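**Q** First the structure, then my questions, so here it is.
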Amino acid sequence: MESLFMLAMISNLSKCNCNGHSRRCRFNMELFKLSGRTSGGVCINCRHATTGRHCHYCKEGFYRDPTKPLNHRKVCKPCDCHPVGSSGRTCNHTSGQCPCKDGVTGLSCNRCAKGYQQSRSHIAPCVKIVPRISVIQPQVAQEPQYDQDVSAYRKSSDGEEETECGKCKIATKHLTKKKFCRRDYAIMAKVAGRDVVKDENGNNEDMIQFNLLVQAVYKKSSGTSLLAGVIPGLRRATIPLIVPMRDFECRCPKLKINKTYLILGKDTENPPGALGVGPRSIIIEWRDDWHRRMRRFQRRSRDDCD
């Protein structure tokens, strides 16, 4: 009699709740009893990187996207742990936080923590900063800082504007594979700050240093030693770009703090320990559609660059 009663109750149960990630489930008597005889279904073969009795968790290597409902097919996103900055590839399935190495921070462990700087070691990518005396005196500016649009003219001693700057050839809007092949390096970088370069006596050297946060390296030669140890995306992975004061006053190149740019150049035009701006340089404000083109140039240049 009891068995007939149980079968009657089971037959009246509602369908399994798999949140749209599975079409099959099985009955588990123990769960049925533990639920107060209200539910005993267990989903089978959960899809869309989900797991759990109701396909309501993200499986290992994925985490929940809080912007999407539980029944969305893309509710679970793959962990985006940095291959160097993180100590593992599995993140927290709720927050997406990756396990970071010492001195590394960020959701994906992609930047150095405060008080640390990037090293060239893959084992310890961030090390504590050792205080040192610098001959570069940064300008005081409120962040975020954006340069005001000004005329590309230089001023004479009497304050009148002189049309001596000419057209800036660095800021070309056209980039071809031929131009890509003829440059030694190509990077995507964000302008993190700007400094005035001084000599050891505090005198102006008529140069401006832009601090670049490298976000992607599309090309580098054996002579581009400055990019050898750069881990794209690490906050402390900044490299200097030196621009002559005359070119800076002519806004050639036209660089704005907190903006991202595509930068190509020749090693022979770089000063020691920095990237430089020369006649063969190309600096273009970054657009999202550049990424696919640069990857295409990168693949093709391995075989058919002259």
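Cβ coordinates are placed from backbone N, Cα and C, and glycine is handled just like the others.
Features from TrEMBL:
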type     : residues  : note
DOMAIN   : 16-78     : domain 'Laminin EGF-like'
DISULFID : C46-C55   : disulfide bond
DISULFID : C79-C91   : disulfide bond
DOMAIN   : 79-128    : domain 'Laminin EGF-like'
DISULFID : C81-C98   : disulfide bond
DISULFID : C100-C109 : disulfide bond
DISULFID : C112-C126 : disulfide bond
DOMAIN   : 165-305   : domain 'NTR'
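Have a look at these and tell me how they're positioned relative to everything else.
**A** Secondary structure from DSSP puts C55 (disulfide bond) in coil.
DSSP assigns C79 (disulfide bond) to coil in the three-state reduction, placing it in neither a helix nor a strand.
Looking at the domain 'Laminin EGF-like' (79-128) alone, the prediction's average pLDDT is 90.
Cβ environment of C81 (disulfide bond): G88, R89, T90, C91, C98, P99, S108, C109 lie under 8 Å away, each six or more residues apart in the same chain.
Taken residue by residue with DSSP, C109 (disulfide bond) is part of neither helix nor strand, so it is coil.
The DSSP breakdown of the domain 'NTR' (165-305), given as helix, strand and coil counts, is 31 helix, 49 strand, 61 coil.
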**Q** Fewest other CB within 10 angstroms, which one of the disulfide-bonded residues C46, C98, C126?
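**A** Per-residue Cβ counts within 10 Å for the disulfide-bonded residues C46, C98, C126 bottom out at C46.
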**Q** For C98 (disulfide bond), which DSSP three-state class applies?
**A** coil
**Q** At a 10 Å cut-off from the C-beta of C112 (disulfide bond), count the other C-beta atoms across all protein chains.
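**A** Looking across every protein chain shown, the total is 24.
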**Q** Distance between C126 (disulfide bond) and C100 (disulfide bond) at the Cα atoms, whole Å?
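**A** So the alpha carbons of C126 (disulfide bond) and C100 (disulfide bond) sit roughly 11 Å from each other.
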**Q** C112 (disulfide bond) to C100 (disulfide bond): how many Å between their Cα atoms?
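**A** Each residue's Cα considered, C112 (disulfide bond) and C100 (disulfide bond) end up 10 Å apart.
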